[in-house]
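Swiss-Prot lists 11-31, 89-109, 114-134, 137-157, 180-200, 214-234, 263-283, 292-312, 314-334, 347-367, 382-402, 405-425 with the feature transmembrane segment, giving sequence analysis as the kind of evidence.
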Amino acid sequence: MNIAMTERYKWLLFFLFILLTYFIPLETRLLWQPDEIRYAEISREMLVSGNWSVPYLLDIRYFEKPVLGYWINCIAQWLFGESHFAVRIVVVTSTLLTGWLIYKAAMVVWRNSALAFNAMTVFLSSFLVLAIGTYNILDPIVTLFVTAAMYSFLVALSTPNKKGKIIAYMGIGFFCALGFLTKGFIAVVLPALVFLVMAISQARFKEVVCYSSIALLALAITAGPWVITVALQAPDYWNYFFWVEHVQRFIAKESARSQPTWFYIPIVILGVLPWLGFLFGALKSAFSLKKGTLYFLLWFTLFFAFFSASKGKLLTYMLPCFVPLSILIAHYIEELKDRPDEKISKVNASINIAFGLMGISAVIYSLYSAKFALYDTNETLKIVLAISGFLFWSVIGAGALFRQTQFLTMFCSIGLSLVIGYAIPEKIESRSTPENIIQRYYEPLSNKSYLLTDEVGIGTSLAWGLKRTDIRLTETKGELAYGLNYPDVKNKYYSLEQLLALIEANQYKGVAIVLVRPDRKQILTKLTTLKEKPIVEKEGDLTLVFFN
């Protein structure tokens with residue numbers, strides 16, 4: 001592929017890449033629990049109940065996030081029905097719009113369409129972005145709003161006239177408010193931190209402080225109505241959301257999400273594939289503070305440092321960091337065009353070849369390892385598809401190596417994107433994507449008066465699959481523990497003793513329990529030694545117990 005042809009067809013090939021990686025796989029992959037189905041079910045319940053102010057999950061108050069993400073998902077479900085496409089189209093659209101803002105931001109600074117195109121391409125083809133940006137969680141949505149706020153500040157700095165600055169600062173406040181309504185204070189605090197440091201470094205502190213009142217006013221007007229409404233309808237919402245979901249998560253050492261400070265370093269290294277060969281050179285170049293890189297460097301380093309300092313860590317928190325990182329990598333790739341040495345490009349291509357081969361080796365090794373076994377012997381098609389996805393990655397890497405073009409690099413992930421929905425091992429599928437199992441047992445599950453489970457994620461999956469919210473919990477309360485403290489939902493949780501009493505009182509009829517790996521607990525033994533024996537069905541990590 002020569003340079004002229006690449007320029008001529010790059011947009012056509014780019015849209016083909018988007019179609020193959022972001023849209024075609026949407027309906028083919030089952031929804032993952034707990035995250036994807038949780039947000040789908042909250043939106044479904046909101047749409048059915050008409051309560052647009054206070055989020056509920058399984059008819060239990062759920063205060064972990066604000067409402068905007070649920071509202072947007074409600075609209076998608078209203079337009080497209082309760083499908084995988086409807087559930088995921090919001091995050092996909094958010095990710096693609098973030099890519100477009102990356103293009104716009106690069107154009108504001110460098111007025112270089114090739115650099116801007118590369119920045120957008122690097123972002124949308126990065127491994128972590130592809131994984132999170134097509135997965136129904138709130139991070140892609142809040143990343144869009146944070147990116148829009150950061151872009152607005154960039155425009156405010158570069159606009160000479162007062163009217164343009166006022167509009168830009170109104171945009172900052174508006175988009176920070178949308179981010180706040182999606183995921184909370186983080187969408188305001190982190191951009192403000194970057195704005196402050198950038199203003200000081202550019203000797204424009206007075207100007208930024210002066211115009212910030214406009215942003216604060218726009219933020220208050222946008223977010224204020226819901227902030228007041230939820231405080232009136234659920235007076236303890238803000239106490240829980242601020243102290244538990246923000247302060248405790250940031251400082252709690254014993255949190256379930258607690259990870260070491262270096263946790264995100266390997267995530268960035270792996271997540272930036274297939275552009276890893278350019279990562280360290282891009283950061284080194286950015287730290288030299290060449291024209292235009294300071295803002296994006298501050299954006300990346302301050303966000304990264306903040307999330308690394310937090311005790312509670314999740315892989316998805318890194319998504320906003322990949323916006324400025326993609327721009328820095330694209331800037332470095334543009335710098336390399338002026339150098340005759342193609343060593344960095346060859347290193348990057350070689351890394352992609354090696355990654356594909358390592359993936360193939362890992363799949364093959366798992367077939368002969370009892371400890372790391374992924375697939376059963378009857379999953380031949382899944383094994384072939386997994387190997388094919390990694391093989392495609394290596395082949396594209398080899399093409400980039402021998403043809404000496406970076407344009408091919410973005411296509412590395414297409415193979416995995418297309419096959420991943422069909423290549424998930426059954427042992428993972430049974431617990432993490434239980435939709436098929438629920439549909440297989442739809443009739444015996446749906447006709448039960450009492451339906452219980454020992455894991456919230458499975459309960460949410462049952463609610464989504466059966467379109468009923470009267471799912472009850474037993475043994476564990478999980479993320480619904482706070483909501484279960486309300487007196488009007490005391491019948492939503494049963495201890496083991498209460499469950500046994502319920503079954504007996506119901507004359508051993510009309511009760512179904514879905515258990516996750518019950519061999520580690522006493523519950524299955526207790527259930528199977530009752531006076532009347534239940535029907536027990538084993539499906540991977542799930543065990544279904546029926547009292548008919």
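Quick reminder: no glycine exception, Cβ is built from N, Cα and C everywhere.
Between the transmembrane segment (137-157) and the transmembrane segment (314-334) there are 3 or more Cβ pairs closer than 8 Å, counting only residues 6 or more apart in sequence, so the two stretches are in contact.
Tertiary proximity for the transmembrane segment (114-134) is limited to same-chain residues at least six positions away from its ends with a CB under 8 Å from its CB atoms, namely 10, 14, 17-18, 21-22, 25-26, 88, 91-92, 94-96, 98-100, 102-107, 140, 267-268, 270-275, 315-316, 318-319, 322-323, 326-327, 329-331, 333-334, 406, 409-413, 417.
At the 8 Å Cβ cutoff, the transmembrane segment (347-367) and the transmembrane segment (263-283) share at least 3 close pairs (sequence separation 6 or more) and count as touching. Proximity of the transmembrane segment (314-334) to the transmembrane segment (11-31) is not established, fewer than 3 Cβ-Cβ distances being under 8 Å for residue pairs spaced 6 or more apart.
Remark: the transmembrane segment (263-283) contacts the transmembrane segment (292-312), by the rule of 3 or more CB pairs under 8 A. Sequence-distant contacts of the transmembrane segment (180-200) (same chain, six or more residues past either end, CB-CB distance under 8 Å): 65-69, 138-139, 141-142, 145-146, 149-150, 153, 157, 172, 207-209, 212, 219, 222-223, 226, 241-242, 245-246, 294-295, 298-299, 302-303, 306, 320. Count of Cβ pairs under 8 Å against the transmembrane segment (405-425): among 11-31, 89-109, 292-312, the largest is for 11-31.
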